[in-house]
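Now, the feature entries from Swiss-Prot:
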- Lys8: SUMO2 cross-link (CROSSLNK)
- 36-114: domain 'RRM' (DOMAIN)
- 118-328: region 'Disordered' (REGION)
- Thr140: phosphothreonine (MOD_RES)
- Ser149: phosphoserine (MOD_RES)
- 157-172: compositional bias 'Basic residues' (COMPBIAS)
- 192-219: compositional bias 'Basic and acidic residues' (COMPBIAS)
- 236-247: compositional bias 'Basic and acidic residues' (COMPBIAS)
- Lys246: SUMO2 cross-link (CROSSLNK)
- 255-273: compositional bias 'Basic and acidic residues' (COMPBIAS)
- Ser274: phosphoserine (MOD_RES)
- 291-314: compositional bias 'Basic residues' (COMPBIAS)
- 315-328: compositional bias 'Basic and acidic residues' (COMPBIAS)
Amino acid sequence: MNPLTKVKLINELNEREVQLGVAEKVSWHSEYKDSAWIFLGGLPYELTEGDIICVFSQYGEIVNINLVRDKKTGKSKGFCFLCYEDQRSTVLAVDNFNGIKIKGRTIRVDHVANYRAPQESEDVDDVTRELQEKGCGAKTPPSSPPEVSEDEDAKVTKKPKKDKKEKKKKKEKEKTERPVQAELPSCSRSKTVKETDEQSAKKHSSKPSERAQKSECRERKKSHSGSPDGRTSCRGRAEEPEWEAKKEKHKHEHKPSSRREGEEKSRDKDRGRSSGTHSSRHHGHSEGRSHRSRSRSRSRSPDRSHRHKKHRYSHERESFHASDRRHY
């Protein structure tokens with residue numbers, strides 16, 4: 001069969017599998033799963049082993065190569081065999097490199113089921129023998145883990161023990177810190193409870209004192225209902241703090257009223273003296289004048305304080321009694 005027809009057939013198989021979505025297990029590549037060798041045909045004669053490795057190493061690490069040459073001349077015959085490190089790289093190489101052109105020539109890439117190494121001959125060089133025996137791949141380290149000495153094993157085993165001890169210590173510290181934190185809010189709560197109890201006790205103690213003051217005021221009001229002294233004394237005891245605060249406010253307001261009261265008192269004194277010298281007929285007129293002066297003083301100073309009213313009331317009584325005595 002012509003090599004170009006083989007290239008076309010391989011490409012058609014790959015296209016059908018892609019269209020149908022065939023799994024890897026059922027694919028035609030699975031027939032060569034035990035072989036990591038591929039065949040390369042139609043290569044240019046100028047290519048060397050290094051050139052071939054550069055092109056085909058795109059899809060995997062190349063382990064071995066066998067470029068077939070003429071025994072007499074040593075020239076390439078245009079085909080070779082490649083071995084990949086991973087068998088799956090052969091599938092990628094066949095699918096992607098089959099049918100490509102290198103230096104104007106289409107190459108063919110296909111799987112190799114059973115590769116046989118060439119027979120040894122006397123004309124073969126030492127370099128080719130080493131390649132055939134050892135291959136051209138780089139030496140990779142073994143996949144198994146390196147052996148560890150007994151001392152290193154002991155160190156590795158000691159570390160987790162220390163970690164466990166540290167974890168236990170941390171847990172113990174956390175346990176000791178938690179009850180301390182729980183005690184702190186309890187102390188603060190007890191303080192707040194004590195403060196509330198003290199406030200409530202003060203309130204209860206102030207209430208009976210206020211009630212006692214109110215009851216005393218009521219009794220004094222009943223006994224001294226006619227006298228203004230009783231009212232003032234009761235109010236003074238119950239409203240001492242309020243009265244002291246109002247005193248300072250009304251000082252400036254009562255300055256002009258105090259002057260007027262002084263003038264009126266002097267007038268009342270003069271009138272009382274004159275009433276003693278006159279006869280009994282003029283006694284009624286003096287009383288009328290005194291009543292008028294009272295009404296005038298009340299209308300002029302409506303904002304007088306309780307003390308001034310009390311003083312005025314006592315002074316008028318004295319003047320009235322003095323006039324009566326002189327008359328008799």
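Using N, Cα and C of the backbone, Cβ positions are placed for all residues, glycine too.
Restricting the average to the domain 'RRM' (36-114) gives a pLDDT of 91. Using a 10 Å Cβ-Cβ cutoff, Lys8 (SUMO2 cross-link) registers 12 neighbours.
Helix, strand and coil content of the domain 'RRM' (36-114), in residues and according to DSSP, is 21 helix, 30 strand, 28 coil. DSSP assigns Lys8 (SUMO2 cross-link) to a helical segment in the three-state reduction.
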